[in-house]
Structure formats: C-alpha cells, structure tokens
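Take a look at the structure set out below.
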Amino acid sequence: MQGDNMPLNFRVVFSSILSVFHALLSYTRFRIGLAILAVMVLLSLASLAAPPAYKRWYSYPKDRPPQLDFTTIDLLLGTTSNGRPVVYIAVNALANSLIIGVVTALIGSHIGLLVGLLSGVSKGYKESATVLLIDSFVCIPGLPLLIVLAMALKSVMTIHMLPLILSVIAWAWPARNVRSITLSVVGREMINLARFSGIKFTGIILYEVLPYVLGWHLTNFINTIIWAIGMETALAIFGLSILSEDTLGTMIYWALNYNALFRGLWWWMLPPVVMIISIFIGLYLISSSIALYLNPRLRGHA
C-alpha cells in the first residue's frame, strides 16, 4: 500500500507546484523578473560557444591578433587591451558568476535550514550548542572574514572552492531566522499532538515544521544568490577573487586595472555592470513576488 501511494504523493506535490507557479505568473513583477532571469541564463549558455582559447585571462590565440573587422561576432563588444573579445568575456563571466551564486545558495541556505530546524526543535544541551554556534557566526563581520579567508586561500582558489568559502558565512542568518520560525511552530498544540501520537523526531520536522519554513526558505535561497554574486564582485574589486578566471567581478577589476573608464573603453566596463544590475533586479522581483504570494494580506498589491 505504501508503495502504491508514493506516485500519488508525487503527483500531488507536482500539481501543487504548478498551481503556485501559475498563481505567481499572474503577478506582473514575477513575469518581468522571470523574463530578465531567462535572458541572463540564455546569455550565460552562450559561453559554451566561446573558443577555448578565450576562457582565461592572458590566453588568446597567438596566430589571431585583434582584427579591425567590427562585423564579426568576435568584436561585437570590442576587445580588451590584450586583444580578448569582450563578448566572450562577458558571457563566460556571467556563467561563472551564476554558478558561484547558485552553488553558494544551495550550500549555505540549506545548511542554515538544517541547523535552524535542529536548533528550534532540540532541547537541552543540543539547543544550547546550536544557538551558540549560530550566534557566534552571526556576530562575525562577513566581509572582513571573507577577505581573510580569500587572502589565506588565494593560491588554491578555484571557481568550485569560492562557493564553499562564501557558504562559511552565508548560513548563519538563515539559520537564526529558521530557528525563530521553528520556535513559533513548535509551541503549537499540533506539535504536542504529534508527539503524543508517536511521530518520531524526523517526522515532526518534515511533516509538521518544514511546510511553514519552505516559503521563507525559497525567498532566502534567491536572496542568497544575489548576496553571493555581490560578495564575489566585492572580493574581485579588492583583487582577492580568482583573477585568472572570468567572473563579473574580475571583469570589473581588470577594466579598472587597465583604466578603461579614463581611456573611454566603455564597452569593457558597461557589460558586467549591466549584467549585475539585471541579475539583481530579476531575482529581487521574483523573490518579492513569492513573498507577496505567501502573505495573503498583500496578494492584491502585486
């Protein structure tokens, strides 16, 4: 019987997700944000068509110097001072920045979700230990800690390691918020009823507490992507990111390093700035739409 009910449960969950998505599509801001994000994702996928020789800074075909034919795709956005086409840098940087943001959100927000749930449901020394851990990381200034970690690990920094470093501080505030939500739910009579009914600890978390947290967790996941891209950009401007790889932050760093603004090379500086602003606006519109949908009193204001 239990095996027969599983497909039905999955169908119910999938149907619920579709109904929520259709409801969100009725919000103008959600449609605009989704369209902006879709454009950014499509542009990032264009990095797959970039020649391998243009994948890293200071690497470009030796037998192919900068051309003067501005009708080619290579020079669609001009070139940098060392002859790299900006169009390839921009799409590759966009892809790497999105990867950094999404991976950081996957790791940091879910660690925060897990720790917050455990802290809110646990009692005794387990609760004290998790609260101490959360408060310790919340009190640590984020950017100075990231600067110290980036300086210490700069020699071994990679695109895959950077999200791990960002996740070190990305989980603390979500954990505190999830703990607050969990504590408000745990005090209700339904939790006591579930305990008296013999439901196990994990069952209480999954079926009684988690549904109240998931809506906030989704908006926090989106906001963590914004935060991670912004933090990587800040580290890159300070010269502490992966300067040999294309990201939106390192693209701005090298443009400033070569005095692109003073030399009038606007086509080098403008694309990363426009992409960062577009990502932030698109994700914010999606996040705010979800927040409005989850608040019945504000649904008519979207």
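Even glycines carry a Cβ here, placed using N, Cα and C.
As written in TrEMBL, here are the features:
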{"type": "DOMAIN", "residues": "94-287", "note": "domain 'ABC transmembrane type-1'"}
{"type": "TRANSMEM", "residues": "6-25", "note": "transmembrane segment"}
{"type": "TRANSMEM", "residues": "32-54", "note": "transmembrane segment"}
{"type": "TRANSMEM", "residues": "86-119", "note": "transmembrane segment"}
{"type": "TRANSMEM", "residues": "131-153", "note": "transmembrane segment"}
{"type": "TRANSMEM", "residues": "159-178", "note": "transmembrane segment"}
{"type": "TRANSMEM", "residues": "199-218", "note": "transmembrane segment"}
{"type": "TRANSMEM", "residues": "224-244", "note": "transmembrane segment"}
{"type": "TRANSMEM", "residues": "275-294", "note": "transmembrane segment"}
Under 8 Å, at least 3 Cβ pairs, sequence separation 6 or more: does that hold for the transmembrane segment (224-244) versus the transmembrane segment (159-178)?
yes
Can at least 3 Cβ pairs under 8 A be found between the transmembrane segment (199-218) and the transmembrane segment (32-54), with each pair 6 or more apart in sequence?
no
Any chance the transmembrane segment (159-178) and the transmembrane segment (86-119) have 3 or more Cβ pairs under 8 A, given the pairs are 6 or more apart in sequence?
yes
Which residues of the same chain, at least 6 past either end of the transmembrane segment (131-153), have a Cβ under 8 Å from a Cβ in it?
115-116, 119, 161, 165-166, 168-169, 171-173, 175-176, 179, 231, 234-235, 238, 240-241
